[in-house]
Amino acid sequence: MDSSVAPVTIDNAHRQNPTKLSSQKKPSKGGWKAAFFVISVEMAERFAFYGLAGNLITYLTNNLGEPVVTAAKNVNTWVGVSAIFPLLGAFIADSYLGRFKTILASSVIYFLGMVLLSLSVSVIPMHSRKAVFFTALYVLAIGEGGHKPCVQTFAADQFDENNPEEKAAKSSFFNWWYLGIVTGASVAIVVVIYLQDNVSWAAGFGVLSGSLAVALAVFLIGIRKYRKQRPTGSPFTSVAQVFVAAAKKWRVSETHGGRGICYEDDRRGGSHVKGQTMGRDWVRTKQFRFLDKAMIIDDKDTLSKTRDPWRLCSLNQVEEVKLVLRLIPIWLGCLMFSAVITQLHTFFTKQGSTMLRSIGPNFQVPPAALQILVGLTILIAVPIYDRVFVPIARKITGHPSGITMLQRIGTGLFISILNMVVAGLVETARVNTATKHGLMDAPKAVVPMSVWWLLPQYVLTGLGDVFTIVGLQELFYDQMPEEMRSIGAAAYISVVGVGSFINTAIISVVQVISSRHGNEWLGDNLNRAKLNYFYWVLAGLSAFNLCAYIWISRRFVYKKVENNDERVGEGKESGMGGYLDVKV
């Protein structure tokens, strides 16, 4: 009986004893040397993105004259589209171009979009400026679509999971990867936003264009050091085959108890390229058992000379589809977290613009520059988490990572609730101060309250990212089939995009309901608005979301792998109260 789809080239020596082979010959490609080139490229891209996103609401309100709510919605929409496009970019990378070519093409598009943006705020006539500006924004979103899902995955691919040393290095990779991109974002917030507010928008965007040109050059310098995986064809075809085959056999008796035969002839976890992760054999799981019908050999399959992949699928193929399905509820459970953190680029900045921002007699802190506090928090928290918290937690829990990926994500969700409660309390204090000094009807007046009152909500935003965002990165890389890891990266990124759209929807609903009662909560005059009520609504929705997430995560089952006739559990956890099940 034929195996499915295209033939796969396997390095036999590496399959027989990958550990021994790794120790005998040091690979000439990949590893940290290659990963550093990719990390530096991502740092430059984050520098450009946050140099734009961090102060975008200021340009829309002050230069293009948009109302605060309209500007906030436009920022959320652009961030959302930028985070949704990676799903398309990941599909193209995994199916056709490969990650390297996709990164290269998207970097060029991103650079051209930033050049157009720079022109739109300088040489483009005023009557056409707004149209060209928004066109440039969405050209950048297209570039993000190819860049975001591939860069992190491509960097992680530089570590061979069959090499014990490189596998150990990869366990810390995601923490230090995130540390690198936060560094790029933080520098942008300090340097670029200062240029935008104190020199010119053209100068600020020009610096961003230059950084992207340098990033593209750096990426090409490391071209001979990269390990590259070929595209394996559309992974969605394999997923569709499982559902179609299971539907065709819905009347066939499920044979999990031992009655009947299951097709296991092509036990492989994906194509293997020398120096990359070897194909894996998945252990059969009990979740989504309706899909198991797709691998049952019935009378028609027995009589067929060749295997019809739309009627009979392998155990590996079925289990890979289950891996994807298990991640969907986790994805849904993190959307409110993203809806909360979008306040960073919108209402947090507008709050800061109304408060005392003086440092010394002649310097005013740009309100958007307060976002540096998030970056600084992450820069401090990630090393502490990796070098202090993980070893201590490991001794207590016995888990290699200290706490599980789902526990890490859940901790960040709780922090986001606390963040909105604190933000609401600070906003209440700000409005009370404005009332005390008779500034309720003076929206452009400076409220005599230090901007550093906002420090706790920025710090909590950074701590939430350290737990939830890094946890999502690791979960969606680790738990996706190897052939779909770009799509996994895009899926975690899309959490931010969909969360931005949810935030826009919440704003619209709040505006409609509050206007019916005579006072819009989110008007242009923040002193008369009820921004604190809006924050508390987000806190309540986030609390409800956390309860749902805990329920979902307790039923999550981590992937399990079979190698060389021995079963090795990648981890079976009951989410928030999980345990690691390893059998060697």
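Yeah, the Cβs are placed from backbone N, Cα and C, and that goes for glycine too.
The transmembrane segment annotation in TrEMBL covers 77-97 (among others).
Residues or ranges marked as transmembrane segment in TrEMBL: 103-124 (among others).
As annotated by TrEMBL, transmembrane segment applies to 176-195 (among others).
Under 8 Å from some Cβ of the transmembrane segment (201-223) lie the Cβ atoms of residues 34, 37-38, 40-41, 43-45, 47-48, 51-52, 55, 59, 63, 103-104, 107-108, 110-111, 114-115, 117-118, 121-122, 188, 191-193, 195, all in the same chain and six or more residues away from its ends. According to TrEMBL, the feature transmembrane segment maps to 201-223 (among others).
Per TrEMBL, the feature transmembrane segment maps to 323-348 (among others). Sequence-distant contacts of the transmembrane segment (323-348) (same chain, at least 6 residues past either end, Cβ-Cβ under 8 Å): 53-54, 56-57, 71-72, 75-76, 79, 239, 282, 287-288, 370-371, 374, 406, 409, 412-413, 416, 419-420, 423, 454, 457-458, 461, 464-465, 468, 472, 475-476, 479-481, 484, 488, 491-492, 494-500, 502-503, 506, 522, 531, 534-535, 538, 541-542, 545, 548-549, 552-553, 556-557, 559.
Residues or ranges marked as transmembrane segment by TrEMBL: 368-385 (among others). Away from its own ends, the transmembrane segment (368-385) comes close to residues 50, 54-55, 57-58, 175-176, 178-179, 182-183, 185-186, 189-190, 193-194, 197, 344-345, 348-349, 352, 451, 454-455, 458-459, 461-463, 465-466, 470 of its chain (Cβ-Cβ under 8 Å, at least six residues beyond either end).
If you look up TrEMBL, you'll see 406-426 (among others) marked as transmembrane segment. Same-chain neighbours of the transmembrane segment (406-426): 330, 333-334, 336-337, 340-341, 343, 348, 351, 453-454, 456-457, 460-461, 463-472, 475, 532-533, 535-536, 538-539, 542-543, 545-546, 549-550, 553, 556, 573, 575-576, 578, counting only residues six or more beyond its ends whose CB sits under 8 Å from a CB of the stretch.
The transmembrane segment annotation in TrEMBL covers 458-477 (among others). Through the fold, the transmembrane segment (458-477) approaches residues 152-153, 156, 174-175, 177-178, 327, 330, 334, 337, 340-341, 344, 348, 370-371, 373-378, 381-382, 385, 405-406, 408-409, 411-413, 415-416, 418-419, 422, 485, 488-489, 491-492, 495 of its own chain, all at least 6 residues removed from its boundaries and within a Cβ separation under 8 Å.
Taken from TrEMBL, the feature transmembrane segment covers 489-513 (among others).
Nonlocal intrachain contacts for the transmembrane segment (533-552), taken as residues 6+ away from its ends with a CB within less than 8 angstroms of a stretch CB, comprise 329-330, 332-337, 339-340, 343, 347, 409-410, 413-414, 416-417, 420-421, 423-424, 427, 506-507, 510, 521-522, 575-576. The transmembrane segment annotation in TrEMBL covers 533-552 (among others).
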Cβ-based contact of the transmembrane segment (77-97) with the transmembrane segment (489-513), 3 or more pairs under 8 Å: yes
